[in-house]
Amino acid sequence: MNWLRVYAIVYLVFLYLPVLLLPIFSFNDATVIAFPLQGFTTQWFKELAGIDALHGALKNSLFIGIVSATLSTILGICAARASTRYRFPFKAPIMGAIMLPLVLPEIIVAVSLLVVLMQLGFSLTSWTVIMGHTLICTPFAIAILSSSFQGLDQSLEEAAVDLGETRWGAFSKIILPLVTPGIVASFLIAFTISMDEFIIAFFLTGADPTLPVYIWSQLRFPKRLPSVMALGTLLIVASLVLLSIAEYFRRRGIRRTGAKDSGGFL
Amino acid sequence: MSSIISLSGIQKYYGDYHALRGIDLEIKQGEFFSLLGPSGCGKTTLLRVIAGFEDVSEGVLLLDGADMARVPANKRPTNMVFQSYAIFPHLTVGQNVAFGLRKKGLSKDDMAKAAAEALEMVGLAGYGDRAAHALSGGQRQRVALARALVLKPKVLLLDEPLSALDKKMREQMQGELRRLQRQVGITFILVTHDQEEALIMSDRIAVMFEGEIAQMASPQELYRRPATRRVGEFIGVMNFLEAKQTAASEKTISFDVEGLGAAEIRIDQFPEGARASADVVGLRPEALSILFEGQKSTGRVADATVQDLAYYGDMTYYEVTLEGSSTPVTISMKNLISRPVLERGTKTRVQWDERSLVIFAA
């Protein structure tokens, strides 16, 4: 056994063991999170159904997720098309600036946004969270959509125009169908990011918390811990499903245009 | 016959870059016309100007007598076959071919019929329901042709349509394109960097260098009497020999040609500029021939030494130096059963004819 293999195994255990504990304890028949396990129960999941505040947070998160994903995907389409199709002055620095939130510490983004919004006199609502989420989701959308747009032959649009279509007709009849899988993938990933995001939501949320903020607030009550575990389990499953669907669409898109796969998120 | 396309004084700038420098061009209805030149000479830009994908900085473009200045690409009576073919990968072959027909107000049945006919014309009958992205290179090319021809354009524009095909396929398509053009009677404008392809396919060729037309002529005229040294070099192989003018009259110029000796050239068949500036003469490889052992000469003769050779099966290309000259001269000889292939270093005699000497404008 060589060291690299040991390292790889230790790394994977460290990465996934805590996540694996979540579903295990969510079925454990005890309020204390500790081994040994006490017995199997689904009571924590049933309990979730009865918490109104949780339902509010879930609805709020879904709304924020859908709106942020839509906005960042639309912005992503514009930016990806501009960066792959056109040449313009200061293209590299502009694209760099747009992609920057990808690596910027979220706490910095969150605090700066909060300061600016307060100074401008905005009150904190779901829409302020949407602003923050759109900001951090857009780089992901651009990354995914760029690979869709990149794979397209530049002549396709001209060919459509040559055959009598208007510029918009060529875009909507040829380009959009070919990048639709990328659009779906971008939407789903942006949605997942928004659903899971805590820091920005924590700083910018008003009276209605998002789901992650709600979960955090529940951690103060030890009795609630098992049901938070159950909720976490559901979120993990939902995230995995959404990401898998997104990757499926991304790969299908690449197959359809006959381009080479230049790597995705999964 | 009338002009289907008329270009006058076409200029195109990209910022400081002068891509087209005053193009004047008349293309006749039904002509197979080629724009030939090295990459970057402006031939594709000119094709895109005609298609409407590039606007001109200056000049007038008439298509069938109508000014195209304010007519966008999608309203012009031209269709294009793209270098990459630009087949829509998410549609079937039939949908690809029928794409342009949707705007023509035909019924569904008429559209399907026209598309099927177009596919049959390019030898793809029955391919209508296939997925476009699964086709081979040659098939894509045919679909692109059918998709353009089905609209019955006044002019079909072809942007290096054969460059992505392998040699065998390319030669086959050259013949097919030519046949197709005669059959439909539509004016074809072909952009190519392959001089052989242009010679084989075209009625007329415009040779372009650096945004200008260097010469416009039939393939035979272009090969026989290239206007400049550069055209001569670009089309086929041409030998250049230094020549000193010894005498000139109304109709002839006498030269002392390096390695060949005295020669008299009739000048009325060459352009005006060629007379004064000739200090070099051109000679095609087939205008010289090697005199084999025991062969009688029928023209002028010079001594030569074989420096190198390239054996092509049907032909052998010899590189020789003429007595009293160090310039390598290429000679092409048909390989016959009665003729040996000479070895390097062989001393031999070559025969030539002064009627095949070419003089150029500067």
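Glycine is treated like the rest: Cβ placed from N, Cα and C.
Going by TrEMBL, these are the annotated features:
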- A:58-246: domain 'ABC transmembrane type-1' (DOMAIN)
- A:6-25: transmembrane segment (TRANSMEM)
- A:62-82: transmembrane segment (TRANSMEM)
- A:94-117: transmembrane segment (TRANSMEM)
- A:129-150: transmembrane segment (TRANSMEM)
- A:170-191: transmembrane segment (TRANSMEM)
- A:198-216: transmembrane segment (TRANSMEM)
- A:228-249: transmembrane segment (TRANSMEM)
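Between the transmembrane segment (A:170-191) and the stretches A:6-25, A:198-216, A:228-249, Cβ pairs under 8 Å are most numerous for A:228-249. Within the same chain, residues 53-54, 56-58, 60-61, 64, 106-107, 109-111, 113-114, 117, 123-126, 128-129, 131-133, 136, 228, 231-232, 235 sit at least 6 positions outside the transmembrane segment (A:198-216) and bring their C-beta atoms closer than 8 Å to a C-beta of that stretch. If you look at the transmembrane segment (A:62-82) against the transmembrane segment (A:129-150), you find at least three C-beta pairs under 8 angstroms, all six or more positions apart, and that counts as contact. Outside the transmembrane segment (A:6-25) by six or more residues, the chain places 33, 37, 226, 229, 232-233, 236 with a CB less than 8 A from a CB of the stretch. Residues 79, 83, 124, 128, 131-132, 135-136, 138-140, 142-143, 197, 199-200, 202-204 of the same chain lie 6+ residues outside the transmembrane segment (A:94-117) yet bring a C-beta within less than 8 angstroms of a C-beta in it.
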